[in-house]
Amino acid sequence: HHQQQQDAATEGSSSGRARRPSGASTSSKDSYLGSTSVISDSAKELCKAVSVSLGLGVEALEHLSSGEQLRGDCMYAPLLGGPPVVRPTPCLPLVECKGSLLDDGPGKGTEETAEYTPFKGGYNKGLEAESLGCSGSGEAGSSGTLELPSTLSLYKSGTLDEAAAYQTRDYYNFPLALAGQPPPPHPRRIKLENPLDYGSAWAAAAAQCRYGDLASLHGGGAAGPGSGSPSTAASSSWHTLFTTEEGQLYGLCGGGGGSGPGEAGAVAPYGYTRPPQGLTGQEGDFPAPEVWYPGGVVSRVPYPNPSCVKSEMGPWMESYSGPYGDMRLETARDHVLPIDYYFPPQKTCLICGDEASGCHYGALTCGSCKVFFKRAAEGKQKYLCASRNDCTIDKFRRKNCPSCRLRKCYEAGMTLGARKLKKLGNLKLQEEGESSSASSPTEDTTQKLTVSHIEGYECQPIFLNVLEAIEPGVVCAGHDNNQPDSFAALLSSLNELGERQLVHVVKWAKALPGFRNLHVDDQMAVIQYSWMGLMVFAMGWRSFTNVNSRMLYFAPDLVFNEYRMHKSRMYSQCVRMRHLSQEFGWLQITPQEFLCMKALLLFSIIPVDGLKNQKFFDELRMNYIKELDRIIACKRKNPTSCSRRFYQLTKLLDSVQPIARELHQFTFDLLIKSHMVSVDFPEMMAEIISVQVPKILSGKVKPIYFHTQ
C-alpha cells in the first residue's frame, strides 16, 4: 500500500487512473478538494485531448482552479455504467477511468484523488459504445471503468440494430449525434426535464461548444428512469392526425421528418436540426417543466413563440396547450398589418409590360398602349410587319413595329366597344357620378358605381375579356421532386405554394370590376375569408384541364398522386378535391363559366355580423350572379335549359364550401403542431390561419349558399 502511494506521487504517467483512498473524508467538499488538489500533467492532457476532440474550448478550463476543473468540467463526472446515483452526500464517488489515449506503456500509473459534482438527475447519457467502452454496475458506491480508444470519434451515424444493443444505457448529455432507439410500436410521450444549471463552472465550457446550443440539448436521447408517464388528460388532448405514420413517430430524433429507404438509421449532428434562431440557447428556448411532447421529437427543442402568431388566447382555444396555446385570436384589426403591406398593388400592361394605369378598351394596359390602340383601331392606315409578325413588344421596343403591337392588342382582348369600362380601381360614371354627388351622400354614390355597365353586353361580353386578361398565370411551388416524399416536405411545399398563390389572388381580386369600390376593410375581409375556396376551385380546374382529374394538379412541380395523398395525411380532403375536379368534366364546364364562377366565389363568404358596407357588397354580388346567368343564356335559347344549367353551376359552387372548411380545420391544426412535425409556414400564411381561420371555424364567418344545406 505504501508503494502505491509513492506511485501516485509520480507525474508523467499516461493511464490517467484515479482511485479514491479508503480513508478519504466525504463530509466536506471544500475541505476534501483542498487536501487533494494536485493534478498530474497526464490527467490534464487527457482532459484537454478529449475536450478538443469534442469541440469544447480548452481556454475556459485553464482559467479555473484545479478544484473547479474537477468539479465542473471533467467530462466523466456522472457514473457512466448505470442510472443516475442518488446519494445523501453532495457528491458522487470517484469514477475509475483507464485512459488509452496517451499510452506510454504498461505498468506506469498515476493515482489522483478527486471528487465530481453530478449533473441533475435525468441528464446522464453515455457516449457512443464504439467511442467509449464503459463498465460497472449501476449500484450506489460502485465504480465504473472507462476505456478510451486511440482515436475518439466526434459522432457516429449508427444503424437501428446497433442502437438496440445499447438501448438500456443512460446517455450522457453531450452534443454527440447518437443513434436513437428503434421507433416504438405504439405512440408515446416523453417528459422533458428542466434545463441544465448554467450557474456552475460548466457554463464556461458549454458556451464554446461547436454547435452553439449545448443548453438546448436537454430534450435529446431517451427518457431517464424518473421521467414518468403523461397523464390521461394530457394524452387525450393530442390530435390523432399527427401522432403516427407507418408505425413511426414523426421519424428519428433529429431527423426532421420522414426519410426514404436506407436512411432509417442516419442521424445528422444535432446542431444542424435547429432552426436558425441564434447562436446560443436562450432562456426562452426552454418549455415549461411539465410540457409533454411526442417521443419522436424529443431532440427538437420547441420553437419560441413566433412573431407572426398572436399572444392573446380566446376562450374557445383553451383546449390547445403547449407553445402555441397562448395564440391570440384577433377580434379587431388594430394589431394586424393590412394585406397591402405584404402585397403592394402591382399591375403590368398586357401589351408592353410597362406599369398599367387601368383597364382600357377591355384590357389592362398602360397609357401609351391605350392611346396607340385608339389611333390605330379608329384609323384607316394598314400596318405591315417588316419581319415575320413575331416582333418583341416591350417597354423599350413597343414603337418599333406598329403591326405586331396592334396584333398583340387584339390578342389581349382590346376592342373599341369597351370604352365604357373605366379604370379598374375607380369605376366612375362621368356625368351620372357628377350629378349624383351633389344631391346624395357619398355612400349612395358609391353604391351606384357598381358594374352596372356590364349589363347589356352581348354574347361575348367585355366582362369576360377582363376576366380572361386578369386571370393569374401558372405558379410553381418550388418543390424538390428529387427528394423522397415525406409529410413535412409535402406540406411545407403546399404552404409555400399557398403563400405564392395568395399574392396572385390579391392582385386578381383588385383587378375585378367593382371590387375596389368596396370598403377597404371589406376588401381585406373578403380576400382573407375566401382564399381557400378560390385556391381549391382553381386547383380543381387545373387538375381537369391538365391531368383529366386523375391527380391533383397543385402546381407543375407539385402533382399529388394516390401515394402523395396518403403521405400528406389529408387523404379524405384530397379525395373530395379530386371529386370536385371530376365535376368539371361531368358538367362540361366551359372556360367562360369557370372564370365567372371563380369571381362569384370571391363574394360567397362573409361575417355573420355583416360587412362595413353590406348593401353595396350585396349589390355587387348580385351583378356577378347576373353575369353568370347571362353567360349561361348566351349558348342556350331554351329557358328550361338555362334554369337547369344555373342550378348545376350553383350546386357546384356550394360544394366548394365544405371542402374549404375541412381544409381550414386541417391547416389550423397543422399550424398548432407545426413545430412538432417540422412543417414550415410562411409569415403571411401563418398570419391569416392564426387570425382569420378561427373566425370561420367558430361560426363567426359563414359562407353564402345558393341552396339549402
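Cβ coordinates come from backbone N, Cα and C, glycine included.
Bear in mind that the values here come from a model prediction, so they are computed numbers and not experimental data.
Here is what Swiss-Prot says about this protein:
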BINDING   N495, R542, T667  17beta-hydroxy-5alpha-androstan-3-one binding site
DOMAIN    458-689  domain 'NR LBD'
MOD_RES   Y32  phosphotyrosine
MOD_RES   Y76  phosphotyrosine
MOD_RES   Y116  phosphotyrosine
MOD_RES   Y155  phosphotyrosine
MOD_RES   Y166  phosphotyrosine
MOD_RES   Y171  phosphotyrosine
MOD_RES   Y172  phosphotyrosine
MOD_RES   Y198  phosphotyrosine
MOD_RES   Y324  phosphotyrosine
MOD_RES   Y341  phosphotyrosine
MOD_RES   S440  phosphoserine
MOD_RES   Y705  phosphotyrosine
REGION    1-347  region 'Modulating'
REGION    381-708  region 'Interaction with CCAR1'
REGION    414-708  region 'Interaction with KAT7'
ZN_FING   349-369  zinc finger
ZN_FING   385-409  zinc finger
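Overlay of Swiss-Prot feature records on the structure.
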residue : record                                             : DSSP class
N495    : 17beta-hydroxy-5alpha-androstan-3-one binding site : helix
R542    : 17beta-hydroxy-5alpha-androstan-3-one binding site : helix
T667    : 17beta-hydroxy-5alpha-androstan-3-one binding site : helix
Y705    : phosphotyrosine                                    : coil
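Its Cβ placed at the centre, Y705 (phosphotyrosine) has 13 other Cβ atoms within 10 Å. Long-range Cβ proximity for N495 (17beta-hydroxy-5alpha-androstan-3-one binding site), meaning a same-chain Cβ under 8 A and a gap of 6 or more residues, is found for V679, D680, F681, P682, M685. Between the CA atoms of T667 (17beta-hydroxy-5alpha-androstan-3-one binding site) and Y705 (phosphotyrosine) there is a gap of 23 Å, rounded to the nearest whole number. In the structure shown, across all protein chains, T667 is the one of the binding-site residues R542, T667 with the greatest number of other Cβ atoms within 10 Å. Residues of the zinc finger (385-409) grouped by DSSP class, helix first, strand second and coil last, total 8 helix, 0 strand, 17 coil.
A distance of 24 Å separates the Cα atom of Y705 (phosphotyrosine) from that of R542 (17beta-hydroxy-5alpha-androstan-3-one binding site). The helix, strand and coil residue counts that DSSP assigns across the zinc finger (349-369) are 3 helix, 7 strand, 11 coil.
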